[in-house]
2 protein chains.
Amino acid sequence: MNDLFIKSSSHSYHIYIRENIRFNVNELLAKTYSSILIITDENVAPLYLEDVKESLPSERVYTTIIPATERSKGIQTYYQVHTEAIQYGLDRESLIIALGGGVVGDLAGFVAATYMRGIDYIQMPTTILAHDSSVGGKVAINHELGKNLIGNFYPPVAVVYDVQVLETVSEKEVRSGYAELIKEALIADESFFKSIMDTSLTSLTNEQLTTHIRQGIAIKATIVEQDEREANTRKYLNLGHTLGHAIESELGYGSITHGEAVAIGMLFAMRVSEQKYFIKLPDQELLEWLQNNNYPLQLGSINTNNLLNRMKSDKKAVSGKLQMVLLKDVGVPVIEEVSEDDLNLYLSSFTDELLNS
Amino acid sequence: MNDLFIKSSSHSYHIYIRENIRFNVNELLAKTYSSILIITDENVAPLYLEDVKESLPSERVYTTIIPATERSKGIQTYYQVHTEAIQYGLDRESLIIALGGGVVGDLAGFVAATYMRGIDYIQMPTTILAHDSSVGGKVAINHELGKNLIGNFYPPVAVVYDVQVLETVSEKEVRSGYAELIKEALIADESFFKSIMDTSLTSLTNEQLTTHIRQGIAIKATIVEQDEREANTRKYLNLGHTLGHAIESELGYGSITHGEAVAIGMLFAMRVSEQKYFIKLPDQELLEWLQNNNYPLQLGSINTNNLLNRMKSDKKAVSGKLQMVLLKDVGVPVIEEVSEDDLNLYLSSFTDELLNS
């Protein structure tokens, strides 16, 4: 089965990656819970909610369906889910199951982290992108002034990944998810990177996808075990995210997916790395692969000053100085402080170049 | 100096208990912070905010003053303080200082626990009552459906307790604080209990108070080290709190202090213990001491059914069954499940008795 296992600071947990595992969730529970609340969204609910619900003991299983939008990561939905949990009578021996993509996982995980000061929860990702966010215990909601600004490090008791559900995800979701896989490859494993570059997303098989997901999660798990609270090496997982987040919020959430924005951010990080370290990276190869696989790379009339300001307010910034993840080679990430002036120059030439690509 | 030291699961921290230590906070910081936000309330601010502020490096020290009311532990103030922290530019290397009583400590601690997934914070209690809540890392806000329902276990990096500020607290605050000291004595140390029973709050000296606080915190620290996440022994610290919380919310926060309500709750727990275990406890002695020291013990026309319902929704309840901390002797606490019927009987006879006391 090749399940993965991860040691967190507070406990160890399994990452189950199997086909049709959603029909057998109950068998994976390590103990008997007094009640279970499944949190999912309105897109996932009609597809898989009943499957998961029926796999659990019939008594005291409750469900909450949130809107399938980034806005569900706001303080209102967060408070509302707490209200429902209280009204259903969840107690300290209850379990929350996060069934969905990154929004559901981040929100439900943060509710679990803070409900009565923390109860158990399981991540059940239903997207490719969420292979990344479901592992490692970073949970959060958004503040209107920035993404993921309110949250915890709070590991789940298990990740239950039914890769069979990935057969039906849209091309856009495949693109978004593969960006995070490329990120993991770029910071840790050149042969994995090459394997992805040899894969065409339009003719992707489920075997290829499952193999890539397993490789990606293994990289993520290793890093999270080394540095759960993101004091050093875990920061590498933010490759492409400083610009990526800025693009997402500048264009407005929903107009470009997280992964699509991160893909552009990674290209940028590679370009900056090349100029800073006088090295050659496979950025041209990545660019062509992104183009061949229909990633949106035109940022239109985006304002580089606005991007810059958003990057500066990123929560990875310290003392107002911007930190970027760069590469000295594929598999050799570094954290580098980049001055505002340099960033401005890099960014202008990069957006010009994208316009003409 | 006799400072105390506490080992938490994530780190160890000092509890500094000294006179006039508020003028020297900077010397106690273990590292240089990129910025500092002092969170306090409108009562404490005019008294001590400037002292603390001036003891810190002058650059990048910000302050937030919240209303001195239990309502400040609501989701609105929580979100508002996050907003200010973002606007002041706090980053992951910033520090929050909670300067005040339990409301400030719980709120500011939970903001620190969740700001960018957790930054350092220091508890600076300014009340006697807060000697208890400032140690051990239980932080929370209230939900409109119940107290402290949203929170974390998140230890501070230090507790800085300037006992000189306690010279000016009101009689009501002294009563409230001593209830938690009595609680610590009852669950762990008979001679400490006797020492309090020999003390008159109306002629209390600062030496007596400091000694008692040090003893109370030492008990608390020992328990928290054993069981940070309240899986077993830490539950003993809830002695008197099941009924105490119910009284507080039934009468409305503000009409009775937390400690005054807990004092009644402890009397009740002792009465239940005597009837359940056929033992004799010093409850009569405690009752007389409470009367002599002007604790409000008349609950008036309080509805015992309402109290019962509130006790059942307490977050210490599991699977709908109510757990109470009882005593087999002074210093020998136990957790006991009490049926609803029994509780109803105990409660009716107890409230009748209080009416006639």
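Cβ coordinates are placed from backbone N, Cα and C, and glycine is handled just like the others.
In the record from TrEMBL, residues B:His241, B:His258 bind Zn(2+); the candidate from B:Glu171, B:Glu180, B:Glu184 listed for the same site is B:Glu180. Across all of the domain '3-dehydroquinate synthase C-terminal' (B:177-317), the predicted model scores a mean pLDDT of 93. Taking CA atoms as the reference points, B:Lys147 (NAD(+) binding site) and B:Glu180 (Zn(2+) binding site) are 18 Å apart.
Here the CA atom of B:His241 (Zn(2+) binding site) lies 17 Å from the CA atom of B:Asp106 (NAD(+) binding site). Counting only same-chain residues at least 6 apart in sequence, those with a Cβ under 8 Å from the Cβ of B:Gly102 (NAD(+) binding site) are B:Thr127, B:Leu129, B:Ala130, B:Ser133, B:His258. The Zn(2+) site is set by B:Glu180, B:His241, B:His258; from the centre of their CB atoms, other residues of the chain with a CB within 8 Å are B:Leu129, B:Asp132, B:Ala179, B:Lys183, B:Gly240, B:Gly244, B:Gly259, B:Ala261, B:Val262, B:Gly265. Here B:Glu180 (Zn(2+) binding site) is positioned 18 angstrom away from B:Val104 (NAD(+) binding site), judged by their C-alpha atoms.
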